[in-house]
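What follows is a set of notes on a single structure, which appears directly below.
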Number of protein chains: 2
Amino acid sequence: MSEKPAILPSGATIGILGGGQLGRMLALAAARLGFRSHIYCPDPHSPAFEVTPHRTVAAYDDMAALRSFAAAVDVVTYEFENVPATTAEMLARLKPLRPGAKALAVSQDRLAEKGFLSSKNIPAAPYRAVHGLADLEAGLGELGLPAVLKTTRLGYDGKGQRVLRVAGEAEAALAALQPHPLVLEAFVPFEKEISVVVARGLDGAVRAFDPAWNVHRDHILHTSTVPAGIAPALERQAGMIAKAIVIALDYVGVLGVEFFVVGGEGKPGLLVNEIAPRVHNSGHWTEAACLTDQFEQHIRAIAGWPLGDPRRHADVVMKNLIGAEVETVPSALDGESQPHLYGKTEIRPGRKMGHVNTILRQE
Amino acid sequence: MSEKPAILPSGATIGILGGGQLGRMLALAAARLGFRSHIYCPDPHSPAFEVTPHRTVAAYDDMAALRSFAAAVDVVTYEFENVPATTAEMLARLKPLRPGAKALAVSQDRLAEKGFLSSKNIPAAPYRAVHGLADLEAGLGELGLPAVLKTTRLGYDGKGQRVLRVAGEAEAALAALQPHPLVLEAFVPFEKEISVVVARGLDGAVRAFDPAWNVHRDHILHTSTVPAGIAPALERQAGMIAKAIVIALDYVGVLGVEFFVVGGEGKPGLLVNEIAPRVHNSGHWTEAACLTDQFEQHIRAIAGWPLGDPRRHADVVMKNLIGAEVETVPSALDGESQPHLYGKTEIRPGRKMGHVNTILRQE
């Protein structure tokens with residue numbers, strides 16, 4: 001580094017695009033470091049609006065509102081990867097945008113993400129771009145069945161994808177997902193899914209939290225358990241890949257990397273499934289088991305502060321509270337559990353309402 | 001208990017009297033449990049106003065503003081013990097006030113506090129009420145020199161007290177502190193000061209955090225270290241006394257008890273120095289070393305939730321950042337430290353600006 005990066009002083013204002021639970025938890029972490037937060041979100045009922053007096057209620061493409069927002073803050077970050085490219089570019093001209101536009105471009109588009117991983121020799125599932133039925137049939141020929149057809153953009157929690165188990169399903173899947181640009185991915189018969197939450201500071205320092213083992217239900221994260229129950233060599237490999245990704249992206253902030261553990265007992269390996277340029281649901285366990293949690297780590301990074309200590313002091317399981325499950329708090333809380341509720345006023349099926357971290361004691 | 005206490009649902013609003021750092025940290029803890037916070041404080045620059053959009057800026061005796069505040073919240077708590085009695089009584093008629101008026105009455109007045117402790121056979125330093133020079137001279141005759149003359153109300157951080165080392169100082173000390181009601185306390189040659197932060201739930205459950213060893217500088221808390229370095233029997237005794245106090249007060253919430261450790265190696269004992277019916281500076285270490293910290297514990301208690309687990313998972317020292325010391329963050333942060341800054345805009349000598357918890361590793 002040619003010069004020492006600017007350190008944002010306590011008291012400065014962090015601008016956060018997105019007012020969901022991640023934005024809320026970022027604002028809470030920012031407050032613990034003495035920062036103010038200004039939340040930008042089109043939804044006037046955003047849960048993050050409850051934890052700061054500074055807000056902008058406007059669309060993500062409202063350039064006048066974005067300009068006022070930029071003028072009111074000292075650095076801009078975001079809680080979701082689908083920030084429009086024009087919005088990101090405009091904000092980045094006015095204030096530091098961290099993580100930067102490169103991370104957004106790569107993670108917004110599955111093809112760009114896979115191209116990036118491939119260019120860095122980072123293992124991921126084989127894939128083919130699909131512009132029509134000819135591509136899809138050729139891809140199925142090369143990758144085999146089953147395979148997964150996905151939109152390249154805006155997919156999450158199982159939305160925007162179709163599993164193809166027999167060749168006859170190709171046309172219907174195509175019809176269901178087009179006209180969006182698509183990508184065909186080989187179906188990976190994985191042992192488990194794990195993830196690593198990694199941070200890179202403005203000074204280039206890189207620190208990773210321990211890998212978590214993630215279990216999904218109905219395509220939504222159900223639990224993250226740490227330690228992940230994989231071989232130490234795989235744990236180290238996951239951390240190294242996550243670090244390589246943030247270094248390659250010249251990244252500042254916290255990033256989540258999801259992996260498939262493949263190959264079974266004989267020859268275990270890792271494939272990157274997805275990267276998310278933000279704090280990550282599978283990193284919520286860090287609140288209970290680390291001195292610095294992922295939210296504080298992100299704020300430290302984007303403020304130019306030294307990264308905190310990511311070491312884990314306990315075994316832990318994080319359980320998401322989906323929909324009406326939130327009503328089990330507080331009555332079903334047991335002794336060594338730490339609830340975190342998002343203050344969402346309306347309970348809806350499939351909606352993330354909170355999570356509970358529970359310390360796992362050795363018998 | 002004749003009936004199950006009402007549980008405040010997540011999403012309800014906690015009303016907090018006082019907008020300093022303790023109110024701010026209570027509001028942050030409330031947010032993690034999905035509660036809203038409404039801060040009531042006369043100072044428009046209160047740091048707690050930065051962590052919620054709900055505020056009332058008004059004097060503590062503004063009955064109209066207090067009524068509106070009560071109407072906007074579901075439970076009322078406070079960050080300081082000097083809530084005027086009429087204010088507390090009025091609020092308590094409109095909404096649950098937790099902790100209740102009894103705890104305020106006892107802790108606002110040193111004579112009431114000492115009378116309460118004495119009535120419960122809880123050891124404290126000998127004392128005499130002082131209404132004039134005759135009382136003072138008689139008190140000095142009984143308690144001996146040195147002794148400490150204190151105002152019965154509104155003393156903190158060394159303000160409102162004089163140490164008397166020779167009999168000739170009596171008249172001047174009296175002149176300096178009158179016309180306030182006064183109390184003369186025997187000077188206790190203590191080994192160290194410790195404190196226990198204890199909680200009592202609405203269901204009557206009582207849980208104490210480990211004792212901390214407190215070191216003051218210029219009459220302001222400098223460090224709290226845990227473990228406190230006292231004999232296990234004394235640790236247990238401190239916890240038992242703290243629990244006895246919250247039970248005797250029919251208390252709901254977190255309370256801090258300061259003790260003097262007296263008597264040396266031969267016959268160690270404890271004297272209660274002071275109780276504070278609120279979260280306590282000497283309990284900030286719980287943020288780094290406990291699954292449930294003192295702020296969450298207080299919110300759980302006043303919301304009728306089950307108390308969290310107060311067990312400590314690490315040795316820790318909390319250091320206050322006074323005045324310009326706050327500027328050592330972030331540059332002087334070392335690896336295993338957790339800063340908490342209060343977002344106060346103006347640095348003043350003697351002002352509590354933040355604190356840093358540092359994990360103590362075994363060599």
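Placement of Cβ uses the backbone N, Cα and C atoms for every residue, glycine included.
These features come from TrEMBL:
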{"type": "BINDING", "residues": "A:R110, A:K150, A:155-161, A:185-188, A:E193, A:H216, A:273-274", "note": "ATP binding site"}
{"type": "DOMAIN", "residues": "A:114-303", "note": "domain 'ATP-grasp'"}
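Projection of TrEMBL feature records onto the structure.
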| residue | record | DSSP class |
| --- | --- | --- |
| A:R110 | ATP binding site | helix |
| A:K159 | ATP binding site | coil |
| A:E185 | ATP binding site | strand |
| A:N273 | ATP binding site | strand |
Around the C-beta of A:N273 (ATP binding site), how many further C-beta atoms are within 10 angstroms, looking at every protein chain? 18
Quick check on the binding-site residues A:R110, A:K159: which one has the highest count of other Cβ atoms within 10 Å of its Cβ? A:R110
Give the mean pLDDT for the domain 'ATP-grasp' (A:114-303) on the 0 to 100 scale. 93
For A:E185 (ATP binding site), just count the other CB atoms lying within 10 A of its CB, please. 20
Around the Cβ of A:V188 (ATP binding site), the count of other Cβ atoms that are within 10 Å: 18
